[in-house]
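Notes for the one structure printed next.
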């Protein structure tokens, strides 16, 4: 589809509401105003007008806002019609606008895409619009707004600028080898490179925090039947999300709860008790449990403290530990401390965290909450943070790898040409975040995930 078309879409959620907004952007927006309103409203002023059908009869009446380009969200002429939020009324008005030549329904995210293409915002800011809409906590919303206002982009642009200056210095050393000063060995380039690496590490740390705020952590509760997995899910969720009985195998499918710990999203998954089951339904539930375990960020290995004194997971259930994916973090949770009389709290056992608690009474659950937050490195006190996506983390990691490779070339062989190439690749990776260097394929995937009307 052409970006020269004029596009229209409903900017408010579908369904009934007090207000319904249609947004129009493009060369024909002026014609839409003349046809539907009978006049062109004063720029950036609210005008209360009837919205007219083809025969001149009123379909609705409301507020019209006119934003002539380039001083608009998309950089094009933009008209917003704010009428009553009834689905029938909005549908009639939308059909009326689509009778005009050169006007079509917008694709999901096309308004934001046009804003990006017209340099009204960069790609990280455009993504922040969707993240702000999807924010699941106050902290996530504030961080998304910071990204929208350019906080993340400013940090990335600072790195790109520093790399640009460093590349100039390195390439000057390559192009003018006969100068009296040996630019590659006088220590200045190494010092500048170390400075960029340190700045990039700081941005990566903040980006990981932003990714946690956006993506959250997937925690799977696993263990034998009747270990108290569902009771722990209920304790963490603060409500009776799962049925709890003394009958082994009560939970036969995956149960999911979404909670927040000091702003960090946590996806808690309760699974069927793991054992050799003859019942077909229970067997399917156990297989699904293993599928969830394999995709987890952390596993809470639930142990009934009344059945064993062991604390090392390899001693408690070696077959379970052997089947777990390599490098998957495990927290051993010894449950039923209210019965065993164990001291509540957290300790380390052979590289694994061990938490003693009572899921039934809730004693020790706060210790587990703090452990989950700390295990992901989540900092609740970070001010002015920004949200980050997985593609951002990947781009930052690639840039860091190129800088380390470049440093190795500099220190190992004084290879200026190879250092210059690694600096170029690092700069390219960073530019993918803001969209200065991005494939059309990636743009399509990003903007297609947006709401229609955004």
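In case you wondered, yes, glycine gets a Cβ from its N, Cα and C as well.
According to its DSSP assignment, residue 80 ((6S)-5-formyl-5,6,7,8-tetrahydrofolate binding site) is in a strand. Sequence annotations record features per position, and here Swiss-Prot assigns (6S)-5-formyl-5,6,7,8-tetrahydrofolate binding site to 23, 80, 120, 454 based on sequence analysis.
Residue 272 (GTP binding site) falls within neither a helix nor a strand when secondary structure is assigned with DSSP, and so counts as coil. Positions annotated as GTP binding site by Swiss-Prot: 226-231, 245-251, 270-273, 335-338, 358-360.
In the three-state DSSP assignment, the secondary structure recorded for residue 226 (GTP binding site) is coil. Feature annotation from Swiss-Prot assigns K(+) binding site to 226, 245, 247, 250.
Annotation source Swiss-Prot lists Mg(2+) binding site at 230, 251.
The feature domain 'TrmE-type G' is assigned by Swiss-Prot to 216-377.
Note: the Cα of residue 336 (GTP binding site) and the Cα of residue 23 ((6S)-5-formyl-5,6,7,8-tetrahydrofolate binding site) are spaced 58 Å from each other.
In this structure, residue 23 ((6S)-5-formyl-5,6,7,8-tetrahydrofolate binding site) is part of a beta strand by DSSP. When the alpha carbons of residue 229 (GTP binding site) and residue 120 ((6S)-5-formyl-5,6,7,8-tetrahydrofolate binding site) are compared, the span between them is 50 angstrom.
If you draw a 10 Å sphere around the CB of residue 80 ((6S)-5-formyl-5,6,7,8-tetrahydrofolate binding site), it holds 21 other CB atoms from the protein chains shown. Residue 358 (GTP binding site) sits 12 Å from residue 230 (Mg(2+) binding site), taking the CA atoms of both as reference points.
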